[in-house]
Amino acid sequence: MELTLSLLTIFLLFFALSGRCSDKNDFPEGFIFGSATSAYQWEGAFDEDGRKPSVWDTFLHTRNLSNGDITSDGYHKYKEDVKLMVETGLDAFRFSISWSRLIPNGRGPVNPKGLQFYKNFIQELVSHGIEPHVTLFHYDHPQYLEDEYGGWINRRIIQDFTAYANVCFREFGHHVKFWTTINEANIFTIGGYNDGITPPGRCSSPGRNCSSGNSSTEPYIVGHNLLLAHASASRLYKQKYKDMQGGSVGFSLFSLGFTPSTSSKDDDIAVQRAKDFYFGWMLEPFIFGDYPDEMKRTVGSRLPVFSKEESEQVKGSSDFIGIIHYLAASVTSIKIKPSISGNPDFYSDMGVSMTWTVLGNFSAFEYAVAPWAMESVLEYIKQSYGNPPIYILENGTPMKQDLQLQQKDTPRIEYLHAYIAAVLKSIRNGSDTRGYFIWSFMDLYELVKGYEFSFGLYSVNFSDPHRTRSPKLSAHWYSAFLKGNTTFLGSQGIMQMQSNFSSSASS
């Protein structure tokens with residue numbers, strides 16, 4: 001599948017511009033551009049070659065929901081996908097390893113077929129000049145550990161996670177130089193243990209359909225264990241592998257660009273509370289060795305306490321911060337007092353109400369183009385946490401899953417070029433941001449809404465047993481940008497590009 005544009009389109013890409021113009025070469029030397037997937041969302045082959053269920057398999061199967069049993073079938077089509085990455089011009093590709101494929105029971109024997117798959121995939125990437133960025137945990141711990149001792153609510157998982165990380169470092173570290181231990185630690189914790197809408201589906205909040213859990217305590221226990229597991233794996237890498245392999249180990253979190261819903265002082269204060277709970281909860285331990293004072297005051301005894309040794313181990317344990325960013329949120333202060341609330345949870349502790357900045361409704365929507373939100377996040381981290389190295393590990397916008405309509409994904413291009421420009425502006429303002437990954441490289445099983453909408457640069461025909469891939473307009477645009485054939489497009493240029501794409505597709 002050739003990823004080329006007509007001479008007319010290239011001409012338009014150069015000259016149909018508006019506003020400030022930039023191209024890939026404006027970014028600092030060494031800055032990387034890539035795209036991303038995750039194991040459960042891309043691989044499929046859910047019961048092949050020794051893989052056992054993860055919590056995602058159980059969560060979706062027991063609820064009779066759409067699932068990732070086959071999804072994009074990356075397990076069988078990875079060589080084809082690497083060719084597409086090369087044609088697109090990616091510097092790097094971010095993916096995750098399925099813990100239950102590599103070590104099916106979560107600890108103990110390594111699955112040789114799972115090990116060989118990841119070796120083959122990584123070798124395929126490296127041999128084609130694509131830098132692998134690997135995430136160890138993307139919401140999908142083995143169901144065996146959940147059944148045995150409760151998974152992340154039990155500190156026993158720290159030892160098992162460290163042993164799993166050791167296998168990955170040992171087997172793949174000669175090719176992998178960038179490791180992210182935990183994906184979106186804050187959202188994994190909130191979704192799985194406060195709201196119960198993602199695995200393992202634990203909660204106690206009123207109106208939630210959970211059979212077990214405690215939203216007052218478990219989000220904080222799990223968050224604590226995630227931080228300790230990261231610190232343990234990071235320490236292992238530095239002691240055993242760093243000198244030989246020369247890689248780095250980071251941690252990622254979900255971020256929002258917060259803005260007050262009114263000009264009131266209460267809403268201004270609420271924005272800072274939201275930042276403390278969304279950012280500070282995970283970042284302050286890495287920088288200062290402890291949780292934000294606001295969280296300690298509000299959550300009180302329900303918030304775990306770091307021992308002196310744990311504080312020292314967590315502080316400074318993340319070589320970089322991975323940022324997952326999609327949209328902005330309008331924040332309103334609420335008056336709920338956790339001390340008098342009958343059932344406090346993460347949201348009542350935070351004391352804010354948030355309105356997501358989206359276009360359309362939540363069943364089929366696109367995110368609003370709000371690049372200021374990206375700038376706000378990067379500036380806040382720079383100012384508040386010592387300007388650590390940052391990789392934007394996910395950024396993108398969904399569109400309704402429609403094979404014909406989504407090929408001409410003009411709104412996605414408008415979104416991406418605005419956010420890439422925001423990253424460049426932040427770098428020029430001093431942010432130590434070193435890479436940017438579009439979510440997602442192709443259409444996948446999306447973890448909350450399944451196959452209702454898609455983020456991919458490439459479409460996947462999920463009705464076709466061969467899972468045929470096709471480039472969308474955004475794939476052509478990103479490829480041209482990466483190859484230095486284009487600059488950021490103005491709206492007129494994008495619309496003309498769409499028209500030209502339609503003409504070439506029908507000819």
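The backbone N, Cα and C atoms fix where each Cβ goes, and this holds for glycine too.
Taking a C-beta cut-off of under 8 Å and a sequence gap of six or more, Glu184 (active site, proton donor) has these contacts in its own chain: Tyr139, Ser252, Leu253, Phe254, Ile324. Residues or ranges marked as active site, proton donor by Swiss-Prot on the basis of similarity to another entry: Glu184.
Here Swiss-Prot flags Glu394 as active site, nucleophile, drawing on similarity to another entry. In sequence order, Ala36, Ile324, His325, Tyr326, Phe437, Trp439, Ser440 are the residues near Glu394 (active site, nucleophile), counting only same-chain partners six or more apart with C-beta under 8 A.
For Gln41, His138, Asn183, Glu184, Tyr326, Glu394, Trp439, Phe455, the entry in Swiss-Prot reads beta-D-glucoside binding site, with the evidence type similarity to another entry. The Cβ neighbour count for Trp439 (beta-D-glucoside binding site), using a 10 Å radius and every protein chain shown, is 25.
Annotated disulfide bond per Swiss-Prot: Cys203-Cys210, in sequence order. Residue density at Cys203 (disulfide bond): 25 other Cβ atoms are found within 10 A of its Cβ, drawing on all protein chains shown.
Counting every protein chain shown, the number of other Cβ atoms lying within 10 Å of the Cβ of Asn64 (N-linked glycosylation site) is 7. Per Swiss-Prot, the feature N-linked glycosylation site maps to Asn64 (among others); the stated evidence is sequence analysis.
Asn209 (N-linked glycosylation site) is surrounded by 9 other CB atoms, counting those within 10 A of its CB over all protein chains shown. Look at Swiss-Prot and you will find Asn209 (among others) tagged as N-linked glycosylation site.
Under the heading N-linked glycosylation site, Swiss-Prot lists Asn214 (among others). When Cβ atoms from all protein chains are considered, those within 10 Å of Asn214 (N-linked glycosylation site) total 19, not counting its own.
Here Swiss-Prot flags Asn361 (among others) as N-linked glycosylation site.
Swiss-Prot lists Asn429 (among others) with the feature N-linked glycosylation site, giving sequence analysis as the kind of evidence. Remark: Asn429 (N-linked glycosylation site) has Glu375, Glu379, Lys382 as non-local neighbours, by Cβ distance under 8 Å and separation of at least 6 in sequence.
Every protein chain shown contributes to the tally, and the Cβ of Asn461 (N-linked glycosylation site) ends up with 13 other Cβ atoms within 10 Å. DSSP classifies Asn461 (N-linked glycosylation site) as coil under the three-state reduction. The feature N-linked glycosylation site is assigned by Swiss-Prot to Asn461 (among others).
In the three-state DSSP assignment, the secondary structure recorded for Asn485 (N-linked glycosylation site) is coil. Among the features that Swiss-Prot reports, N-linked glycosylation site is placed at Asn485 (among others), with the record citing sequence analysis.
Summarising the annotation, Swiss-Prot assigns N-linked glycosylation site to Asn500 (among others) and lists sequence analysis as the type of evidence.
The signal peptide annotation in Swiss-Prot covers 1-23.
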One should report the C-alpha separation between Cys203 (disulfide bond) and Asn183 (beta-D-glucoside binding site), rounded to whole angstrom, as 21
Recorded positions Gln41, Asn64, His138, Asn214 vs Asn461 (N-linked glycosylation site), shortest C-alpha separation belongs to Gln41
Integer Å value for the Cα distance linking Asn485 (N-linked glycosylation site) with Asn64 (N-linked glycosylation site) is 46
Binding-site residues considered: Tyr326, Phe455; fewest surrounding Cβ atoms within 10 Å belongs to Tyr326
Its Cβ having more other Cβ atoms within 10 Å than any other among the binding-site residues Gln41, Asn183, the winner is Gln41
Same-chain residues at least 6 positions away from Cys210 (disulfide bond) with a Cβ under 8 Å from its Cβ, in sequence order, are Gly196, Gly201, Arg202, Cys203, Ser204
Expressed in Å to no decimal places, the gap between the Cα atoms of Asn64 (N-linked glycosylation site) and Asn183 (beta-D-glucoside binding site) is 26
Rounded Cα distance in angstrom between Asn183 (beta-D-glucoside binding site) and Asn209 (N-linked glycosylation site) is 25
